[in-house]
Amino acid sequence: MSDLLRPASAADLVTEAASLLEVLRADPPLTHCITNSVVTGFTANVLLAIGAAPAMVDIVGESGLFAGIASGLLVNLGTPTPEQREASFEAVEGATASGTPWVLDPVAIGALPVRTALAHRLAEQRPTAIRGNASEILALAGLSAGGRGVDATDSADAAIDAARALASRFGSVVAVSGPVDLITDGERVLRLANGHELLTRVTGGGCALGAVMAAFLGAARARATPPLLAVASASLVYTVAAERAASASTGPGSFAVAFLDALAAVQPADIESAARVETAAL
Amino acid sequence: MSDLLRPASAADLVTEAASLLEVLRADPPLTHCITNSVVTGFTANVLLAIGAAPAMVDIVGESGLFAGIASGLLVNLGTPTPEQREASFEAVEGATASGTPWVLDPVAIGALPVRTALAHRLAEQRPTAIRGNASEILALAGLSAGGRGVDATDSADAAIDAARALASRFGSVVAVSGPVDLITDGERVLRLANGHELLTRVTGGGCALGAVMAAFLGAARARATPPLLAVASASLVYTVAAERAASASTGPGSFAVAFLDALAAVQPADIESAARVETAAL
Amino acid sequence: MSDLLRPASAADLVTEAASLLEVLRADPPLTHCITNSVVTGFTANVLLAIGAAPAMVDIVGESGLFAGIASGLLVNLGTPTPEQREASFEAVEGATASGTPWVLDPVAIGALPVRTALAHRLAEQRPTAIRGNASEILALAGLSAGGRGVDATDSADAAIDAARALASRFGSVVAVSGPVDLITDGERVLRLANGHELLTRVTGGGCALGAVMAAFLGAARARATPPLLAVASASLVYTVAAERAASASTGPGSFAVAFLDALAAVQPADIESAARVETAAL
């Protein structure tokens, strides 16, 4: 484990995740998504299932205003049209002015020049959280040319130094998705072992998690939960639901359906009993 | 109940809905959709399931021509890119010139300036029908600043005066979605109590209904059915299918799947036995 | 049967399809898709289910570079925005320069002028394969004004002369979808009788097949499989999976789910036992 990182408390996380899930359902956070054309429908369905209120507003002239009234914002770079690129900057400006927490998902950056430049410029705006696979986090930190696309070609642990560097540079929580998810604020680290391989066989499995992080960050505002715990809570609830769905599935099609059902059904007590949070040294 | 409104006949509606469903399946109406990027796939699947022929043509230079040959047209403002905005006016012009009935769905207007201005301009083109939740109908009538997004923050009944005003001003049938759907042509009113809460947990649950209304308006042309009954028939078939799907579901994921199956399976006799049409005074 | 066409060997096809499926899963081809907004999510899920690696890169400034590193490319004209039109030419140029096989799907051409002109220009770039229904193939060959949309209004056999003409003119394999799929390289012809009517009740049923053809062409590069057999292998695996899914379905919603499960589960031996390849004269 890197010398400067110490584990956050697993018990704190599990308790907070259970509480935030209740808060979110009692007062659904308006979750503003600028996301890619492949996963818009799935992302909205994930947010609805878990209990949040999605709104896909990616039009210039509307996104800045809307980010100001939303509870949380996601900016996902999966298919960044010129309209979305401009709307993203407008949204981030609106979010920053209003204190709306926001998540940057730098999908498939590295080899692809338009989104890579865009991700670097957006990161300079100090996102509340950055979510990606190891390849994307390495590329954003300038330590790799990125993967072939949205597949991680590196394990999450391989990106720990890049994640820490990004967290310190931009004041962001950085979440690296993989078989074990790694989440850090630059000082503390959490490793979450829940989840299921089928989540990687459904398009949007990672992208929708970014939206759920934005929703949890929105819900966390009422409780003054630290962003590290809000982001990790989103990951924990999401991956526990994935495990429950996998046990009721016979392939990626039935898994996606069962996953939405599980997100709607999962209860705080389920999180507490199923959580596999590792705080041991890396 | 508003003095000037009298209930339409419930028996007429149920009979007409059953007949239109048969007509639609015997000669699938080509249903032209300009709709938002979140729900395009679901909307097309809903139309295919019920027996219509969807075509998502939202390109400048094609949409006007296509609206002229289509049986019905939907213009949904959920994610109105500049290309879609221009294509929408082109389509409405083509529809108007050819007598193609068309539906306007003013998604999330009120607080969001681009779509709000767009909705007002499109309404001036006298849509055959306007579909929205109470917040959107109030905003289009100039009586509210609109909701936070696509959620209705007002009940359908709260929008009855706004609906009547819009119907009279633009010669449109106005459908207000809610736990009880309210449909009026400005003189008569129908209240439909079928449906299920799970429909609000699936993205596109409302948007796809607008497309089904366009399909039923298309099918109704052969029978000279009044638009009020065609729009209400669409709502009735849609919500009866939703009830059947809910009884076979364990959450929003399985509901969306069962809903498509139910739309394909529902028969005219099912509509007649399950309809809960209220004609009592408001 | 046309005088100049002779049947390819059914046994060769079945053996090759089984082998290519194994090759694809062992080394997932990076499959670059420029496709329409209605089917992006379904297409990505189909590719993930079968074992390929989808990447939807349709941005100017990225698509050319990406086509050069991808294993296969699909250009589908279902909703061709100006950005996608420019990105398509860029991608085809990149694919051609790098030897990346690519598939053209001329969705709904004929009556719609923007995509029709686009399809003719792209065909001049000599796609490795062209996939469409009979109406689209007839329209691309200049023999018909096309259908009303994505519905085939002609049977696949009606397009055999058009398919052969296109194959000869552009050096392409031409696949005509229908109850019996017809695939030709201009000299040989294969007729595949597998499949199920429910595939036409799910949006993207045809479009996603084009992406699977791109994936199989990508996998075939390692084996130097002739494009005719690679394209037909994609069709065969796809339609055998559809048959298996249909037997587990109660309508179009459950079919789409079961289809993804079946694509993930289908084994080379299943292809060999279920294939219904016709090599008899037309």
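Positions of Cβ are set from backbone N, Cα and C atoms, glycine also.
Quantities reported herein were computed from a predicted structural model and do not represent experimental measurements.
Quick look at what TrEMBL annotates:
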BINDING   B:Met56, B:Gly204  substrate binding site
BINDING   B:Arg131, B:Ser177  ATP binding site
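Where TrEMBL records a feature, it is marked here on the structure.
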| residue | record | contacts (Cβ under 8 Å, 6+ apart) |
| --- | --- | --- |
| B:Met56 | substrate binding site | B:Cys33, B:Ile34, B:Thr35, B:Thr40, B:Thr43, B:Ala44 |
| B:Arg131 | ATP binding site | B:Val103, B:Leu104, B:Asp105, B:Val174, B:Ala175, B:Ser177, B:Gly206, B:Leu209, B:Gly210, B:Met213, B:Val231 |
| B:Gly204 | substrate binding site | B:Val38, B:Val39, B:Phe42, B:Thr43, B:Val46 |
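Using a CB-CB cutoff of under 8 Å against chain A, the binding-site residues that qualify from B:Met56, B:Arg131, B:Ser177, B:Gly204 are B:Gly204.
Checking the binding-site residues B:Arg131, B:Ser177, B:Gly204 against chain C with a Cβ-Cβ cut-off under 8 Å leaves nothing. Secondary structure at B:Gly204 (substrate binding site), taken from DSSP and collapsed to helix, strand or coil, is coil.
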